[in-house]
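*Asks:* There's a structure below that I have some questions on.
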Amino acid sequence: MVGKLNDTENFGNEEKQDETVSIRRMKSEKGRLGATLIYLMSPRFLIYVSCALSIWGDRMWHFAMSVFLIELYGHNLLLTAVFGLVVAGSVLIFGVLIGDWIDRKPRNKVAHASLFTQNASVAACCVVLMLVFSYEREMEQVWRGWFPVACYAAVITLAALANLASTALTITVQRDWIVSLTGDNRGQLAGMNAAVRRLDQIINIFAPLSVGQVMTWASHVIGCGFILGWNLISLLVEFLFLSRVYQLVPQLAKKPQQQAGGHFLERQQEAVSSQGEMDSWETTDGFFDKPKPLEKLKDRESSLEGRQAAGASRRLRSARRLLRTCRGGWEACCRQTVFLAGLGLAFLYMTVLGFDCITAGYAYTQGVGGSLLSILTALSALSGLMGTILFTRLRGHYGLVTTGIISSWLHMGCLTLCVFSVFAPGSPFDLAVFSLPLSNNSSSNHEVLKEDQVHVYSFERNMNQPVLPDRSSIHWTNSTVLFEGEQEPKYPESYISISLLFSGVILARIGLWSFDLTVTQLLQENIPETERGAVSGVQCSLNYLMDLIHFILVMLAPWLQQFGMLVFISLLFVTTGHTLYFFLRKKV
């Protein structure tokens, strides 16, 4: 009996232990579920989703635009060049004004206006492109072939407007909201910056791939419709998420009073002066309200001239105010303690050692196909991811400023492989090209160069010829435009040169993105909140200025034999940028 009682007690204890373990397990599962739900509704996660949707839409749109513009204008890259020039020039001119507008307006209104303008511009551009692709032949008969040109101008204008709005949204969320969300916790700020950059690198792989598959297996019209639908859905989701973040973070509703008050006084003075002018003219009109019949015509003419003069005066004041705003933004940027860091980062944009259309074109002439190029692009994105991880590790061990020093040396060290590639076997570099204009035999040398030059297609237009060339001879091979009757580029004697070039470019992304994150956080931490938007706008203008110089240099040296000189100039600018950061290190 005693043994049975002991067995019963042991069995009861085991049941209680099992119940206790199950209860604890259920509590832990509920705790994990609750923690997951809390994180999914947290401002940080909502910011990540909003940034991911915005970045995905931007990556798809920029990739699709490059394909659409080549398809529209067939035999040359004129539209692509004009598009790049307009986009870079618009940010260069209006970047400071965008930053000043961000500083003056409430954060939620800035985010909503930028979001709506960006997605609406892309949607309108997609509609225009769908009409052009669907009714292309009919449009060529309108206005003697000038109607398609008007459509091209509308597409480029809308795309530039969308890029300006995207720039404003990026400054607002990634340069301002994240800083307010993390407060004084610099560790969280570094983590969020690195997380957003990782999202950017991952999306850079899959976003072009997704829209490219739609365009390949369906059509360009369906591709435009896909981007249109994405932007409409993204607009709704981002609007809801950003509004929720604004409600959850009370700091976002607080704007610095000093800057806001200054702008308010300026607006009041302008309103008073404008109202005074209107009142004076109304008084003048009232005084001459009952003139003699012979003087009515003269009075009306003088009144009209006075109103025109007042309108011209107001426009002149507005232009002066815009110029003062631009000058104030540049002055505010130059007096920052971290100005050299931002300037050094801008210098890194003047390079051909990146994965843009210039490097892709050069790689194609050296026998690199589209499939291999896409693999190399994916490897560069993975290298950028490693750079974000390296940034967080180095910052935790050595601090932010020292992280920039290590990243700079890593970036420049990897780019030395690109210098070696210029002299390696298989490189087309030839110093004799630069003496062509001075030689007596320039005509014969020019003929020799034409044999190795990338295909150039002449396009002469007259009033009886359609603006769009005949695209019956165009086809796509490995995502590269080729034409019937033209041979593919000759393969080099050796692949050592191109291998060294891309090895250096890919490995350099580790140091590049780590350095980029370092400078970004330095700007976030040291720029006053009242000037954060204006200085960020100037920084964007500097970046695009260097990008413009990079394309101008390529236009001045378009030959394959001159690409090595562009590599040297790029490394010079990169070294100058990092040297400017070293000067900042001495000041700190």
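The chain as shown is numbered from 1 upward.
Each Cβ is built from the backbone N, Cα and C atoms, and glycine gets one as well.
The model shown is predicted, which means the values in this text are computed figures rather than measured ones.
What TrEMBL lists as region 'Disordered' is 1-21. According to TrEMBL, the transmembrane segment annotation covers 33-57, 77-98, 110-133, 145-165, 202-222, 228-246, 337-364, 370-391, 398-424, 495-515, 542-560, 566-584.
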*Asks:* Give me the stretch from 33-57, 145-165, 337-364, 398-424, 542-560 with the greatest number of Cβ pairs under 8 Å to the transmembrane segment (228-246).
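*Replies:* When the Cβ pairs under 8 Å are tallied, 33-57 comes out ahead.
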*Asks:* For the transmembrane segment (202-222) and the transmembrane segment (33-57), does the number of C-beta pairs under 8 Å, pairs 6 or more apart in sequence, reach 3 or more?
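*Replies:* The transmembrane segment (33-57) and the transmembrane segment (202-222): touching, yes.
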*Asks:* Select the range from 33-57, 110-133, 370-391, 495-515, 542-560 that forms the most Cβ-Cβ pairs under 8 Å with the transmembrane segment (398-424).
*Replies:* 495-515
*Asks:* Are there residues at least 6 beyond the ends of the transmembrane segment (542-560) whose Cβ is under 8 Å from a Cβ of it, and what are they?
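*Replies:* Residues 81, 84-85, 88-89, 91-92, 95, 342-343, 345-352, 358, 362, 365, 428, 433, 449, 452-454, 566, 569-570, 573 contact the transmembrane segment (542-560) from elsewhere in the chain.
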*Asks:* For the transmembrane segment (145-165) against the transmembrane segment (77-98), do we get 3 or more Cβ-Cβ pairs below 8 Å once near-sequence pairs (under 6 apart) are dropped?
*Replies:* yes
*Asks:* Mind checking which residues of the chain, 6+ beyond the ends of the transmembrane segment (566-584), have their Cβ under 8 Å from one of its Cβ atoms?
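*Replies:* Answer is 338, 340-341, 343-348, 350-353, 401, 404-405, 408, 411-412, 415, 418-419, 421-422, 501, 515, 519, 546, 550, 553-554, 557.
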*Asks:* Looking at the stretches 33-57, 77-98, 337-364, 370-391, which one shares the most CB pairs under 8 Å with the transmembrane segment (110-133)?
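*Replies:* Highest pair count goes to 33-57.
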